[in-house]
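Participant: Here you go, one structure.
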Amino acid sequence: MSAPPCVAEVKVESYVFPATVKPPGTAKTLILGGAGARGLNIDGKFVKFTAIGVYLEADAVPSLAVKWNGKSVEELTDSVQFFRDIVTGPFEKLTRITMILPLSGKQYSEKVTENCVAFWKAAGMYGDAESKAIDKFNDVFSDQMFPPGASIFFTQSPLGSLTVSFSKDGSMPEIASAVIENKPLSEAVLESIIGSKGVSPEAKQSLAVRLSEMFINGGDAISGKVGVENDVIPQTVVVSK
């Protein structure tokens, strides 16, 4: 087991994404891969709705480095396969979505499942199991309300489970709200954020920048202690729907 690389916390708007977390659904401590806002360009103004952080098991760094070490940040950012390898990689992942603007659980789940179903249908892999997983996903969110600062946590196991947790203040919950055993759904949730049509180009760019640095500095950066610094992401990327 590799020790976690030295990573920095990221601040998106007023929300801090810590360098490491230990989420429900896994016994492992995960490192922050990258973070950024999700929003829309409305009437010439970029309106931010959520802040998103993607965490990875420390072993993701050497696993991804085998193929991607030596690539520039631009090459990684532009590569569909790079982000696909993150989504499908054999390591634990956590996605945290923190509300900048209020949103109902129904609004959130309907948009996420719409993106997931579109991805599956394009890939020719939408069947009864996925339909049932979508129904369970929507049920988990049906009575939820997310004021600003509230967070959703998705813990994604390489074995296929998707653990869903909620927090009203952004802190890491100790107990999961639901576990959905469907690998395509687990992967599609992250794909909808950082995939080829992902909703957060900022998070994708942050992942490319930070992982590129971890690949390059892997030998020096990996230690038994995680170094934490301030890392503020510039909020300049226009996110399309």
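The backbone N, Cα and C atoms fix where each Cβ goes, glycine too.
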Participant: If Swiss-Prot says Thr50, Asn115 bind substrate, which of Ser177, Ser186, Ser192, Ser196 does it name for the same site?
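Facilitator: When Swiss-Prot describes the substrate site, the candidate it includes is Ser192.
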Participant: Among the binding-site residues Thr50, Asn115, Ser192, which residue has the largest number of other Cβ atoms within 10 Å of its own Cβ?
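Facilitator: Within the set of binding-site residues, the most crowded position is Thr50.
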Participant: Report, in whole Å, the straight Cα-to-Cα distance of Tyr108 (site 'Important for catalytic activity') from Thr50 (substrate binding site).
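Facilitator: Computed Cα spacing between Thr50 (substrate binding site) and Tyr108 (site 'Important for catalytic activity') is 11 Å.
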Participant: Taking the recorded substrate site as Thr50, Asn115, Ser192, identify the other residues of that chain whose CB atom sits within 8 Å of the mean position of the site's CB atoms, giving them in sequence order.
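Facilitator: Going along the sequence, the neighbours come out as Arg38, Lys111, Val112, Val189, Ile193, Gly198, Val199, Ser200.
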Participant: Write down the Cα-Cα distance for Ser192 (substrate binding site) and Tyr108 (site 'Important for catalytic activity'), rounded and given in Å.
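Facilitator: Per the Cα atoms, Tyr108 (site 'Important for catalytic activity') and Ser192 (substrate binding site) stand 12 Å apart.
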Participant: Given that the record lists Thr50, Asn115, Ser192 as binding substrate, what is the largest C-alpha to C-alpha distance among them, in Å?
Facilitator: 16
